[in-house]
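Asker: If you look up Swiss-Prot, you'll see TYR100, GLY165, GLU180, LYS181, SER191 marked as alpha-D-glucose 1-phosphate binding site.
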Amino acid sequence: MHKKEIIALLLAGGQGSRLGVLTKNIAKPAVLYGGKYRIIDFSLSNCVNSDIDTVGVLTQYQPLELNAHIGIGKPWDMDRINGGVTILSPYLKAEIGEWYKGTANAVFQNIHYVDKYSPKYVIILSGDHVYKMNYSQMLDFHKENNADATISVINVPWEEASRYGIMNTYENGKIYEFEEKPQNPKSNLASMGVYIFNWEVLKEYLIRDDQNEESAHDFGKNIIPMMLKEGRSMWAYKFNGYWRDVGTIQAYWESNMDLISRVPEFNLFDPAWKIYTPNPVKPAHYIGPTGSVKKSIVAEGCMIYGSVRNSVLFPGVYVSEGAEIVDSIVMSDSVIGENTQIYKCIIGEEVKVGKNVRMGIGENIPNELKPHLYDSGITVVGEKAVVPDGCQIGKNVVIDPYITAEEFPSLNIESAKSVLKGGETE
């Protein structure tokens, strides 16, 4: 193998359990976003646009959809003999293999992959954030400061700082303290989960961490604190662009809505920084004589005979005559029946919603079964569910994937209820 100055390791094994039914059958990085993409496309495209041509994608939870999406890396120009994209799954490691025990352990298990390229630097990325970033500028900053590790940070609202790993720094950006989700933060500089390490330094710490049976084998909890404690040169690289952890239903919905605001906070139309993804083989979208679309993203293959307002539609969505979709996300190949009204909902892939359905109505009461997941007024329908004609569905309702019309307990699903596979409602 030819030596590489820098390679990327993209951590894409997370379940994303806070996304509820959206990640019941796929990993969080494979979740659809923005009418066209999957979340992982942003980190992969950042690599391409930053001239990083060697990427190892570390998968674990429900990897099939992700593996199929990435393939040999052609959409990102990573179908290469030397370098390119490689899927690194723990279950490929014969009888001695084991599941990744943490983010640091995931990298430790793939030391041999990194060593093949003898890089001077390794950039560790998370596959479940939405942002556009030039990693080569971060690498320049790392070199200028003779750093052992550089951590990309972003200012978050003070009231949210306790949800993140927080970096406390000197004025010049050198890190003197790291606090994981502090109750009383001293800074609002949050880690973005983007790290550049000198590879030989990181490898030493990964090997030592693996030998510590009490370690959680996590970058934030173990590797970074250990390096700081031992006086390694660690620097914070401040990022000023758009960055979102779309790890909750509300954050995911809000980030999609950001794309269709009057002046989009996150611009996907920048020709200088393209986001690449496999393109569906579908015709252009069609708006019929009874159709209307306002302030929405409508992808290829959609057929619109109803009204779509302030919404994001993925490829192949069919909106029947008289139907109305407002403030909603409708994923690929779903069908919305005649005279159906959809308000502030997330509809999964290949869902069939019947005629005369009203969804997202009533009181905004947190979901009874999972109030910590469904509490922002958004109703979520899992993939390939079938919603029967005439159904009235409230807010913060969750409908399991693959539910059939016959499994609905009634045609009136009140706010805060859950319709579970098997016909139960809670």
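We count from 1, first residue shown onward.
Even glycines carry a Cβ here, placed using N, Cα and C.
Map the listed features onto the structure and describe their local environment.
Answerer: The Cβ of SER191 (alpha-D-glucose 1-phosphate binding site) has 22 other Cβ atoms within 10 Å, all protein chains considered.
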Asker: Can you check what DSSP calls LYS181 (alpha-D-glucose 1-phosphate binding site), collapsed to helix, strand or coil?
Answerer: coil
Asker: What same-chain residues, at least 6 away in sequence, bring their CB to under 8 Å of the CB of GLY165 (alpha-D-glucose 1-phosphate binding site)?
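Answerer: Looking at Cβ-Cβ distances below 8 Å from GLY165 (alpha-D-glucose 1-phosphate binding site), excluding near sequence neighbours, one finds PHE178, GLU179, GLU180, LYS181, ALA190, SER191, GLY220, ILE224.
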Asker: Applying a 10 Å Cβ distance cut-off over all chains shown, what neighbour count does LYS181 (alpha-D-glucose 1-phosphate binding site) have?
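Answerer: The answer is 12 other Cβ atoms.
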